[in-house]
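Peer 1: Below are the structure tokens for one structure; questions will follow.
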């Protein structure tokens, strides 16, 4: 026969007391006990993408996957997140498995290359072990792994060129993510995995595209971003950048399937000012009449390029537009909860 209500409550309290004694206070809690603070985020560098993500940026303490075709802007998006984390006083690390990180380009995007921790590992096991140790230190704010496809298992590197190694990389990723996910949440570190596209053979219906490294990353990711180049930006006959579309194909912290478009300028990265102009027009703060852009009765310029230059020369106007957009849409970028003032998170036990 089922226990009476008072007996059940007493049994539960005894069990909770024993759990707290064995595993520490807070191991089990009622969901409504504490009002949870808003999710802390790291801005992406594009107001359009911050809005599409629904919370104002990439969530802290979560796994993020950025994938897309070659030269679509995946690493650029990741480096902008690194720059924004560093600007707020955070510590960043970059696992360069592709051995292709350009320090000069990273510096142009605002990354403090002197403070950036960089590793160029020899094997996938080494890369993920380094990443795991950095995360468990509790001192890291953002970690980028570029890319999953370049995380080659040790057995494949040491074997012959024609050897078959079925499922090795998928098993490696699955084991690593099982270990990392809890540590990421405890330390508040954002882990960005950059991934490449492959095509499945013999697919008759639906998209043949898939990402490397098995299915584990798809499951463990809180946010998945599909980055595509949709247009080449030209100044006369010279190509000066790309128009990029990012689709939020998975989002555990806000409604998914939203899209953002922004400009990536060669040698400069994401055009923050261009993104502000696009969102300002969309939200009604900037008026577009013909080719002229006007804000609050003041002409920004004729044509988007002139308006962009005006905002570059008058950053206060750009900041004001950004503030109004965020207030209207109810998003804000709480980055690192005042990293400089607060104590760093406690290291995670190995």
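Placed from the backbone N, Cα and C atoms, the Cβ positions cover glycine too.
I grabbed these lines from Swiss-Prot:
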- 68, 69, 70, 71, 72, 73, 74, 75: ATP binding site (BINDING)
Peer 1: For residue 74 (ATP binding site), just give me the three-state DSSP call.
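Peer 2: Going by the DSSP assignment, residue 74 (ATP binding site) falls within a helical segment, counted as helix.
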Peer 1: Within 10 Å of each Cβ, count the other Cβ atoms, then let me know which of the binding-site residues 71, 72, 75 comes out lowest.
Peer 2: 71
Peer 1: Apart from 68, 69, 70, 71, 72, 73, 74, 75, which residues in this chain have a Cβ no more than 8 Å from the mean position of the Cβ atoms of those residues at the ATP site?
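Peer 2: Along the chain, the qualifying residues are 227, 229.
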Peer 1: Are there any residues at least 6 positions away along the chain from residue 74 (ATP binding site) with a Cβ closer than 8 Å to its Cβ? List them or say none.
Peer 2: 66, 67, 68, 147, 194, 195, 227
Peer 1: Within 10 Å of each Cβ, count the other Cβ atoms and name the one among the binding-site residues 69, 70, 73 with the highest count.
Peer 2: 73
